[in-house]
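Summarising the annotation, Swiss-Prot assigns ATP binding site to Pro86, Ile87, Lys88, Ser89, Gly90, Leu91, Ser92, Ser93, Ser94, Ser95, Ala96 and lists sequence analysis as the type of evidence.
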Amino acid sequence: MRCSAVSLGSGTIINAIATGFGSAFGVDLKIKADVELVDNGKKIINGISIDNPTLKPSLVERCVKNVLNYFEVDYSAKISTNGDIPIKSGLSSSSAASNAAVLATIGALGEKVDSDLVLDLAIKSSFEEKLTVTGAYDDATASYFGGITVCNNMERKILKKDEFKEDIKVIVLMPEFEKNVDVNRMKLIKDYVDMAFEKCIAGDYYKALFLNGLLYSSALNFPSNISVDALEAGAITAGLSGTGPSYVALCYSEDEKNVENALKKYGNTVITKPSTNGARILY
């Protein structure tokens, strides 16, 4: 009983921590999960990250365990993950890993794939591993479905699905700043994040992303000038991704090199593009 599945990384448009409402978009970077099940009644689950062997496999092991418990089987399992989403890049590698792990386990069991079940079990696993504050339903759905999702994270509802109408690039900056997840400070900017979310729900994703980035970078003491530097170099929009320290900038292909040069003085960069091809079983 084997199965392989992939799920996307995602970038932030609106961080949901302040208000419970968020938005994210799928990017063309993926994590693949390979699951092998053994019907031996022992419930032994072992995981490994092929591309990053030092990474603890506890999240994907938890995903497999939760799927097996849901379907009330006592199989053992091996799970390996491999992908091109940089860890701690602000591109929702944990959402991608958990989605892929759950999907591959369901596939290995030969059960019917139900999107709501995949997302629920993936988010449950992330909560249990203390990897999320809000459940990150926006990140999880953008990773799973691709495109843009606008969500009520508290109720786990997708309010709107969309996609970028233009052919654009995504440049991710990964500076060596110390991560800061001060929930109390993020709650202070709630009313202003609401204003950015209004732009988002109206379909003005570029302005929403930029405003969100300014607000959260201010609350978390990350430099806001980085986003402005990206605009100066030709980016359409730019802002903090998630709770940082990474930033994302969106630009047209002809401005890609200028924007990357403006950002890479702050740290490593990765260039990708939005994706509407969501999670899927490979074989």
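The count begins at 1 with the first shown residue.
Even glycines carry a Cβ here, placed using N, Cα and C.
Overlay of Swiss-Prot feature records on the structure.
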residue: Pro86; record: ATP binding site; CB count, 10 Å: 18
residue: Lys88; record: ATP binding site; CB count, 10 Å: 13
residue: Gly90; record: ATP binding site; CB count, 10 Å: 23
residue: Ser92; record: ATP binding site; CB count, 10 Å: 30
residue: Ser94; record: ATP binding site; CB count, 10 Å: 24
residue: Ala96; record: ATP binding site; CB count, 10 Å: 32
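Following the DSSP three-state reduction, the secondary structure of Lys88 (ATP binding site) is coil.
In sequence order, Gly9, Ile85 are the same-chain residues whose CB sits within 8 A of the CB centroid of Pro86, Ile87, Lys88, Ser89, Gly90, Leu91, Ser92, Ser93, Ser94, Ser95, Ala96, the residues recorded for ATP being left out.
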